[in-house]
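Quick look at what TrEMBL lists:
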| type | residues | note |
| --- | --- | --- |
| DOMAIN | 62-417 | domain 'Aminoacyl-transfer RNA synthetases class-II family profile' |
| BINDING | ASP131, LEU132, THR133, ARG158, GLN174, ASP178, ARG327, TYR331, TYR332 | L-histidine binding site |
Amino acid sequence: MPQLGLLHGRSWAALLRQLLRPPRVVCIGAVYSHSQVVEAVLTSQLKPHQEKSNFIIKTPKGTRDLSPQQMVVREKILDVIVSCFKRHGAKGLDTPAFELKEMLTEKYGEDSGLIYDLKDQGGELLSLRYDLTVPFARYMAMNKLKKMKRYHVGKVWRRESPTIVQGRYREFCQCDFDIAGEFDPMIPDAECLKIICEILSGLQLGDFLIKVNDRRILDGMFAICGVPESKFHTVCSSIDKLDKISWKDVRHEMVAKKGVAPEVADRIGDYVQCHGGLSLLEQMFQDPRLTQSKQALEGLGDLKLLFEYLTLFGIAEKISFDLSLARGLDYYTGVIYEAVLVQTPAQAEDDLLNVGSVAAGGRYDGLVGMFNPKGHKVPCVGLSIGVERIFSILEQRMKTFGEKIRTTETQVFVATPQKNFLRERLKLIAELWDAGIKAELLYKNNPKLLTQLHYCENMGIPLVVIIGEQELKEGVIKLRSVASREEVAIKRENLVAEIQKRLFES
């Protein structure tokens, strides 16, 4: 056997030691052992990290952490919003934070460039969701659903330039409510506007106005003004900027960048600078040019019906028919709306209130059909609440008025004035937890009583239960009010009932 020639008089043990010896690396003019090579590689990998003396710990641009105090404000906002959604019969839904890229493309018009694409991690091209509406439409089509009333609270991501002071971020929370299904005209649409009114009133943001328009009116207006149909969407995205820039700048963009003829832009300007209520709606019905468009007439008819329902809901005075409202997203097909805060002259210079819309939405009857192989449509209408912008306003107001925010909901603190009472405190707090009472204790064997009482005052905890040798001997617990500092002795077996009674009364 040729392998035996390897021995050359050496023992099997010697050959085995040679085979198991770590390899040596030979470079020009030097020989390095295996351990020396490993050390050199590790050193080279660690060195860059050691040299990052100027490394700054921060959140990515357009994102932020929320402190416990901020989370309290955020949760109160979400509670008002979700409670309203549930009051109107909506079911909860959640979808993945990322979708197949092809599901999101060609749904957002010029805003498609703001979608965050993810690196290919295994054969699927993925993108972070841009909003909650397209994932909802995909869910409806994928599950072959024809009807649903749902709400969804979740984060979305947009690659735009953030304006933190105005509540604009690259990562932010959206709260959506949508009604999908075939129903009689404008009833679901009117309910969506009622929901916006209820939420904004409930959050006590001050006076607000909801602008409404219809994409069919816009398309009809573009057609009679001479805009080629191929440019409807791009002109619409320009009109959508009228709440941020002047008509002069919008006109310049349409003419210089989008190839709209100057006289066409001027005709559009005559319309988009009009806003009012039912009187403007009646005026548009008499417009000889606009009424030439079948699409525009359909939109005007639906808006007239919508105003009838809004009057019955008692919110018509909060609604303004505004021909400048465009909503740049491509998927809208009918009624569109946007809520803004109304500023007094004294507030006009306050950047905080210049946050843009605080709620928006509209009808999108064709979106579900885009995901259906046979193109079967499911009419939908919905709304989205601008949580981050609302949060910015309420947070600043609380700072201005110096409101103190409790970061916990603890109702009772378990304390002792004596040493070696940890076991008794643990047994007592377990009783409270098992009874559904929110309770805390200090994680120390022998904490000082004064330290425990100061903690309660600082955290806003209303009640303290105190157990010591005397209480244990007599079978009672001292119940102390933190605000009044009054103490009473309660029998151990009656403690839970007494605490629950006091909490209910407060």
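Cβ atoms are placed via backbone N, Cα and C, with glycine included.
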Set of same-chain residues at least 6 away whose C-beta sits under 8 angstroms from TYR332 (L-histidine binding site): ARG215, GLY362, ARG363, TYR364
On a count of neighbouring CB atoms within 10 A, which of the binding-site residues THR133, GLN174 is highest? THR133
Given the model, what does the mean pLDDT over the domain 'Aminoacyl-transfer RNA synthetases class-II family profile' (62-417) come out as? 91
Taking ASP131, LEU132, THR133, ARG158, GLN174, ASP178, ARG327, TYR331, TYR332 as the record's L-histidine-binding set, what's the max Cα pairwise distance in Å, rounded to a whole number? 21
Write out the long-range same-chain contacts of ARG327 (L-histidine binding site), meaning residues 6 or more apart in sequence whose Cβ is under 8 Å from its Cβ. ARG215, ASP240, ILE336, GLU338, ALA360, GLY362
Cβ neighbour count within 10 Å of ASP131 (L-histidine binding site): 20
